[in-house]
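Here's the structure, in structure tokens; my notes come after.
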Amino acid sequence: MRSDIVKKGFERAPHRSLLRACGLTDEDFKKPFIGIANSYIDIIPGHVHLREFAQIVKEAVREAGGVPFEFNVIGVDDGIAMGHSGMHYSLPSRELIADSIETVVEAHKLDALVCIPNCDKIVPGMIMAAARLNIPVIFVSGGPMAAGHLPDGRPIDLATAFEAVGAVSRGLMTENELRVIEENACPSCGSCSGMFTANSMNCLSEVLGIALPGNGSILATDPRRQELARKAGEQIVKLVEADLKFRDIVNEETIENAFTLDIAMGGSSNTVLHLLAIANEAGIDFPVEKIDQISRRTPTLCKLAPASQYHMEDLDRAGGISAILKELSKKGLLHLDRPTVSLKTLGEVIEDAEIKDPDVIRPIHNPYSETGGLAVLFGNIAPYGGVVKAAAVDPKIMVHRGKAVCFDSEEEAIAGITGGKVKAGDVVVIRYEGPRGGPGMREMLSPTSAIMGMGLGDKVSLITDGRFSGATRGACIGHISPEAAAGGPIGIIKDGDEILIDIPNRKIELLISEEEFKKRMENFKPKKKEIKSRWLRRYSRFVTSANKGAVLSDSCE
């Protein structure tokens, strides 16, 4: 066992003495040391209940013959950090989480790891750490919250609240009506109830093979969620005995499976960023062009909030992730022989799955569309690509030609949109919000929600080198690479320039002559902003482009 290096031999007497002070006995030194990476934190509703989850996992580990050691990692609530300077810290927190888990596990030579995440950057941060460490690992998330409901019974969620702010600013809703939404949108603990980033990543954990079935869809308040935690604690000891490590489970085919599910279920566009980062940590080269190839052959089988009235509880009732995977397997779209933490292949895991509600999960012969819910666009604005959640775009604006209205920060954009600077037919351009330029690649949920709340969702497009919340809907193209701060062409767009966005044909073009384009690029000097935070300055220096997953490079570029 890895842990023998800290518990075997007379040289380790001081180490054992310290471990005895933690309550260990001679018998414990014969057992595997299991780390429990818990992301419990009081200020994130998706994490407030994780303290008891960790206790369930620890008890199960002990009963199965392991020694559990719980430690905590930080977390950021993207909803609370949204729309102000706090969002600069969201994506960088992913790297801190990965680094901190690596630090604890390697410093103490733990044999295996149970990860208890739930919300946006915590899930990918933990998966990145697992890929880096390459030890036996299992994930059990805290689960989604239930959808909220208005007094008339209509389902709502956090995205409803953000969009309502835009409606109030335009006089389409009263503040009293907004208050009713505020008080009902988030009714319980758990990750926000739609197919937003957190739930997307927890669902993808199933197809990656690192979580047990149900991890993505069973509600946080469902007793089955606690049973899932207990099973995870038992299973991690079996994984140690089987010596099944992360990279034995996750390879290039597994990443392909993940993108296939992601595209079929209409996952958050942030998943592209995170899956690329996970692939990078696992030593897998996965170009963004390959994502679009997968999207073109993968049908859209689900449309959950923000693309419809359905939420995670509906997905769970309809058969969960296993039912979606079973449908995809009928078309030969998955690598079914990949191993999983259940010690079964993916094909064996989903063998008995079936759709229980074809309105929530469409059968493979009757998809929403024959192509996927995520698309990667290329063109002179985005030579390295841009990502759009096509499943959440109104059909009326899948192809849009409009005049640019440019902003150099999210704050400028919010002021301009709510101040009436943006009109029907425009293309909003928000730049200097990329990984390096932001820094931190902030989510543009407030600007997009303002557009939707003002009734312009089928009349205005938005492009940015930043990213979007999983709650975003509309013609919103993010992750434009290279970013403006790195000299990307998005930085040369001027107010009034015509832009063509053609999602079906995967194009995004600045409609100026080649000569004018070349001239602007030659004269372009990216803006530099003062970054007061020492951490964010370091992050800005070392972070890579969105098409590489916005991971930190080994050297300053």
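Backbone N, Cα and C define each Cβ position, glycine as well.
Annotation comment: Swiss-Prot describes SER469 as active site, proton acceptor. Around the Cβ of SER469 (active site, proton acceptor), the same chain contributes ASP78, MET82, ALA159, PHE196, THR197, SER268, ASN270, GLU443, MET444, LEU445, THR448, each under 8 angstroms and 6 or more positions distant in sequence.
Among the features that Swiss-Prot reports, Mg(2+) binding site is placed at ASP78, ASP120, LYS121, GLU443, with the record citing sequence analysis. In the three-state DSSP scheme, ASP78 (Mg(2+) binding site) is classed as helix. Taking all protein chains in view, 28 other C-beta atoms sit within 10 angstroms of the C-beta of ASP78 (Mg(2+) binding site).
Sequence-distant neighbours of CYS192 ([2Fe-2S] cluster binding site) (same chain, six or more apart, CB under 8 Å from its CB) are GLY46, GLY79, PRO144, MET145, ASP157, LEU158, ALA159, CYS186, ALA198, ASN199, ALA471, listed in sequence order. Feature annotation from Swiss-Prot assigns [2Fe-2S] cluster binding site to CYS119, CYS192.
The secondary structure of LYS121 (Mg(2+) binding site), as reduced to three states from DSSP, is coil rather than helix or strand. Residues within less than 8 Å, Cβ to Cβ, of LYS121 (Mg(2+) binding site) and separated from it by at least 6 positions along the same chain comprise GLY75, VAL76, ASP78, SER90, LEU91, SER93, ARG94, ILE97. Residues annotated as N6-carboxylysine in Swiss-Prot: LYS121.
Counting other Cβ atoms within 10 Å of each Cβ, the lowest count among the binding-site residues ASP120, GLU443 belongs to GLU443.
Take the CB of CYS119 ([2Fe-2S] cluster binding site) and look out to 10 A: across all protein chains shown you find 28 other CB atoms.
Note: the Mg(2+) site is recorded as ASP78, ASP120, LYS121, GLU443; in the same chain, VAL76, ALA81, MET87, SER90, LEU91, CYS119, THR197, ALA198, ASN270, SER469 also have Cβ atoms within 8 Å of that site's Cβ centroid.
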